[in-house]
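Peer 1: First, the structure itself, so that you have it in front of you.
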Amino acid sequence: MKPHALIGLLAGMLLSSSLYAADSTKPLPLHIGGRVLVESPANQPVSYTYSWPAVYFETAFKGQSLTLKFDDDQNIFRLIVDDKAPVVINKPGKVDYPVESLAPGKHRVRLEKLTETQSTSGRFLGFYTDPSAKPLALPKRKRQIEFIGDSFTVGYGNTSPSRECTDEELFKTTNSQMAFGPLTAKAFDADYQINASSGFGIVRNYNGTSPDKSLLSLYPYTLNNPDQLYHNKHWKPQVIVIGLGTNDFSTALNDNERWKTREALHADYVANYVKFVKQLHSNNARAQFILMNSDQSNGEIAEQVGKVVAQLKGGGLHQVEQIVFKGLDYSGCHWHPSANDDQLLANLLITHLQQKKGIW
């Protein structure tokens, strides 16, 4: 037999062996946190597409074999197995990722998306194990919290050692799972969604950019495009935390913007914010609304959010309140909240929610 024929035969045998090994695994049931597009094409494995921050997946099983399947060269993840130290998975691409040295027995697994990807999406193809493994019960949390906001809610550059960051440094040091939202939710063993995007506001984005968009125009969709409206009958958060206004008011108006005065911007912001909360309330009648804002911009943000709360309460929506936070060091990228700041904000929210009666 010619050498190249032998090489081809061996390659074919190895490929067949690899395919056989892949076919011998089975997908595990999983629990999804965050907005995810679940697709089940004919004769194809289920896929889970995402773009919003802080999405997570969980599974549990009894066995000793675990492989994660990715199709994502955009995001950074952390993998937590049995509450052990997290393992960082950096832009895995299209790959099968085996978990090494897994002992026989019961295991709980959690995969968390860390990074912000405003213009791209990624796909997770699931957790896989060997046929002899036994799936175990998935989390069935009764508590749900939704966080809606901008870069402060995203955790923009929150783990950076410096305020000065390149785009790549910003990407690598943004850890949405260390932002105040997930920290707060985990303290209550609550499922959570982080529906936030850096630079966006209620009616105006940072320095007037992308005037045809706002966080309110992005919010209705499952992904960062208008192809799929988000609907999940099981998502009924008892608490909705909104932090929007920094981008609306942190810069002066430009000549080409549609508001000719600051007062016109204020009125538009308040009217649209009130309308947005009312829409959320119509779908979540029991939800407690917390409108958070900093003391920045000489109190302008706090004043306008206060008007929103007053109008909502005046219209009969009483389960709404304002929290103004101060005292942050803003040592993250580009003067954003640091991981230490995020913990302070989480502590503020945790204490506040612990004092609320009957919200769960």
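Glycine too: its Cβ is placed from the backbone N, Cα and C atoms.
The following feature annotations were taken from Swiss-Prot:
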type     : residues : note
SIGNAL   : 1-21     : signal peptide
ACT_SITE : Ser151   : active site, nucleophile
SITE     : Gly199   : site 'Transition state stabilizer'
SITE     : Asn247   : site 'Transition state stabilizer'
SITE     : His336   : site 'Increases nucleophilicity of active site Ser'
Peer 1: Nearest to His336 (site 'Increases nucleophilicity of active site Ser') by Cα, among Ser151, Gly199, Asn247 (recorded positions)?
Peer 2: Ser151
Peer 1: If one measures from the C-alpha of Gly199 (site 'Transition state stabilizer') to the C-alpha of Asn247 (site 'Transition state stabilizer'), what distance in angstrom results, rounded to a whole number?
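Peer 2: Rounded to a whole number, the Cα-Cα distance is 6 Å.
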Peer 1: Between Asn247 (site 'Transition state stabilizer') and the residue listed as 'active site, nucleophile', what C-alpha distance do you get in Å?
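Peer 2: Cα-Cα, rounded: 9 Å.
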Peer 1: Let me know how many other Cβ atoms fall within 10 Å of the Cβ of Asn247 (site 'Transition state stabilizer').
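Peer 2: Looking across every protein chain shown, the total is 26.
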Peer 1: Using Cβ atoms only, which residues of the same chain lie under 8 Å from the residue listed as 'active site, nucleophile' while being at least 6 residues apart in sequence?
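Peer 2: Counting only residues 6 or more apart in sequence, the Cβ neighbours of the residue listed as 'active site, nucleophile' under 8 Å are Ala196, Ser198, Gly199, Thr246, His336.
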Peer 1: With every protein chain in view, how many other Cβ atoms are within 10 Å of the Cβ of His336 (site 'Increases nucleophilicity of active site Ser')?
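Peer 2: Result for His336 (site 'Increases nucleophilicity of active site Ser'): 26 other Cβ atoms within 10 Å.
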Peer 1: If you draw a 10 Å sphere around the Cβ of Gly199 (site 'Transition state stabilizer'), how many other Cβ atoms fall inside it, taking every protein chain shown into account?
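Peer 2: Looking across every protein chain shown, the total is 18.
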Peer 1: What does DSSP call Gly199 (site 'Transition state stabilizer') in the simple three-state scheme?
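Peer 2: Note: Gly199 (site 'Transition state stabilizer') is coil by DSSP, not helix or strand.
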